[in-house]
């Protein structure tokens, strides 16, 4: 097959999509680590602290005394940036108070309370919040490859079921200004039993699934299918089968993304009118494209040319509006720089591929025109 084939395109796009998944490839400190060697009292008695893995590499050690003082030691793998643990009434970030610790560029440890007034960095305010400290001063320690945040909080009653937020950022704070988190989660943790719920109060995973399904369906597979239909028609009927299979797969995956979006809206009731309206319009156009496939007239039909015109331009409109809505969704969902960069790579690969294939198509058409024999008049 001449030029970049569909298999190569699939590999390129799978690589771009997989780059959107970031994991911390390191082992956590584990509950077996003796913290007595680098933390002072009352945070250094491992035997009095209950230890539970809570999320990724985050380890939570805690105890609660009869005076309702909650002792917490939070640890995780650390290279740079900040680590935070928030206390929320509803599992949402906004309105919660968080303890955040980090090591600055000169090796000095910091731990501060922050009040999360809103989702933007400017609305995360240092030295404010609803957490009341006990007598012991909070500390931060760096041991081996892990950071340890140790603090005591005074409550009016025993802490049982509590909505907890865990988050981390990779950029070191400057002037006590937190950069946007790289990842976060929310769990409902029972401090009396040491058990965290499997489901998050805030549907972070549902939000990620919504974004990933829509990007892969509407933003990766459907453009690939359209590229095959335009630039690989010389491989008949292979192009038609590939185009049909990929488009149907992209539509089904995109439809699943829409369903997760509906479920996400039912949980959050977020004010994202433009994103929802565009999504509904794109879905309707996609359904019409599927129906048009089953209502396709024969090649000899007089209306086939009009069907072709509709199918081509409606398909292009779907792809364009889907790309716009994916960008809107990444923005209104505060998905972060990783999603922006990876989808930008996806769009760049699509654009470069289309430019190259369009150029090759134009050159082939020009060559055919040049090689065509000139029309000559022959006397009768």
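Glycine residues also receive a Cβ, built from the backbone N, Cα and C atoms like all the rest.
Here is what TrEMBL records for this protein:
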{"type": "SIGNAL", "residues": "1-26", "note": "signal peptide"}
{"type": "DOMAIN", "residues": "56-169", "note": "domain 'DOMON'"}
{"type": "DOMAIN", "residues": "172-366", "note": "domain 'Cytochrome b561'"}
{"type": "BINDING", "residues": "210, 243, 275, 311", "note": "heme b binding site"}
{"type": "TRANSMEM", "residues": "215-232", "note": "transmembrane segment"}
{"type": "TRANSMEM", "residues": "239-265", "note": "transmembrane segment"}
{"type": "TRANSMEM", "residues": "277-296", "note": "transmembrane segment"}
{"type": "TRANSMEM", "residues": "317-339", "note": "transmembrane segment"}
{"type": "TRANSMEM", "residues": "345-363", "note": "transmembrane segment"}
Among the binding-site residues 210, 275, 311, which residue has its Cβ surrounded by the fewest other Cβ atoms within 10 Å?
311
Around the C-beta of residue 243 (heme b binding site), how many further C-beta atoms are within 10 angstroms, looking at every protein chain?
21
Taking all residues of the domain 'DOMON' (56-169) together, what is their mean pLDDT?
86
Determine how many residues of the domain 'DOMON' (56-169) DSSP places in helix, in strand and in coil.
3 helix, 65 strand, 46 coil
How many angstrom lie between the most widely spaced Cα atoms of the heme b binders 210, 243, 275, 311?
28
